[in-house]
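Worksheet: one structure, shown below.
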């Protein structure tokens, strides 16, 4: 019965085409090999990427009826797009107490910094305050970081002013310059949203950590040199950003004012340096004693109040001290009608927007992830890109320029004990109140104070210890760091970025074309085989060379190099002939990687 049943099964399988025996008894290979499926079309890949971003829970919400399924997908979509819907249900009054304190402390630092950064971006002071209202509110609803503080930052402000002024002159045509900045901000938001929706976060990673360290350090020095205009009270200043042009402009301006009938007023320098020393002392005390975290946070606002009172009471503005003068109050006006999508400069706006999108995302994600790791939770990079994109699109429609996460303000927010993104909401509301009630009080605020506030925040951008660590770990990474630093310092911001990215790409290509190839030996009293250059005590087997290819991708670009290197060791290299104790009889390739 068993043999009869077996025969029936075999004949049945023949009829169904599962396998077919030829006359010689061998099965056809085509019957046993599965046909590879056709690759999915591009639109299907993009659709699945978007679906994974907006509906990360997949088919979790599959209910019995179509109506419930639709509701489930809507709920999933809203919870993914607005993470505030997830954690707001468990929000407690005790957390609000901490967030309220952190938000107020954050606002005391954000208000003077925002005015200073607007000045750095060559915009009117109110636009810096506008940028601290709408973007933080949107990020609080859509962002996944609990600690990150949103607003204008020094590096992006410098980037905008250095790139946009090549297209529109901020002095000759300030309205066209402002409108172009809003258009660049819109494109920045569009690119950031696209990065998040299509999961293109790997593009940000092309600006390596080492390149970013050098870029930030170079930008910090350039930003500091730019503040010499306000600190020294110079009226004529260069539009270039490189260190040679800036120092030459400072020398010529001071020499002209000293030798000509136009008198140079040293009060700007005295006032700015006095409060700069005060800000640096409070920063030092705050770092020495963690309980005094509030001191460096409120010292910028305190400096603005005290310096404004000094100028108002002493009438110093009539003796040569430069003041801000009029600051427009009120809520953010709409700027949707000011965006320029027609004309010859649209392509340049998109290009500058792409650069700003990458720099802003790199800084924000680096800041957010560093503090998230301290608190022990994961930060979703694609959600961060999505929230940053939406907030900059909304910002461009409400008189804001590019906003991102600030390291100095995030550190203050973290030290103040923030629990959730509600601290950003408290900060934004405080800035709204200031716009409505206190902008008139800023009329007599000296420009030198804004320069000193920006200068006091720059040391945090220069990380010498990290540069030394990069030198110890990888010399090519250090070369990218130095290239970005020197490019920003002596050429321009975009040249520094190009140099950094080029060196990083060159490192990737070199590692792909010339992969690591190591000769292995057995470590005594173990079964482990290690690189003989790192472990001199490793023992080689007579007549055998064990070679490990450390590259994970052996391809047409590096296969010939690997082959030539192995043949050279086997046939020509006397050192390895001696280590193998005679003629090489066998080569073992360890290609586990």
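Cβ from N, Cα, C; glycine included.
Over in TrEMBL, the protein carries these features:
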- 551-593: domain 'STAS' (DOMAIN)
- 138-160: transmembrane segment (TRANSMEM)
- 180-200: transmembrane segment (TRANSMEM)
- 206-225: transmembrane segment (TRANSMEM)
- 266-285: transmembrane segment (TRANSMEM)
- 292-313: transmembrane segment (TRANSMEM)
- 349-368: transmembrane segment (TRANSMEM)
- 389-408: transmembrane segment (TRANSMEM)
- 414-434: transmembrane segment (TRANSMEM)
- 441-462: transmembrane segment (TRANSMEM)
- 482-506: transmembrane segment (TRANSMEM)
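Of the two recorded stretches, the transmembrane segment (206-225) lies close to the transmembrane segment (441-462), with three or more CB pairs under 8 Å once pairs fewer than 6 apart in sequence are set aside. By number of Cβ pairs under 8 Å, the transmembrane segment (292-313) is matched best by 441-462 from the list 138-160, 414-434, 441-462, 482-506.
For the transmembrane segment (349-368), the partner stretch with the most Cβ pairs below 8 Å, chosen from 180-200, 266-285, 389-408, 441-462, is 180-200.
On the 0 to 100 pLDDT scale, the model's mean across the domain 'STAS' (551-593) is 77.
For the transmembrane segment (414-434), same-chain residues at least 6 beyond its ends with a Cβ under 8 Å from one of its own Cβ atoms are 84, 87, 91, 95-96, 98-107, 110-111, 114, 129, 132-134, 136-137, 139-140, 143, 145-147, 149-150, 286, 290, 293-294, 297, 331, 371, 374.
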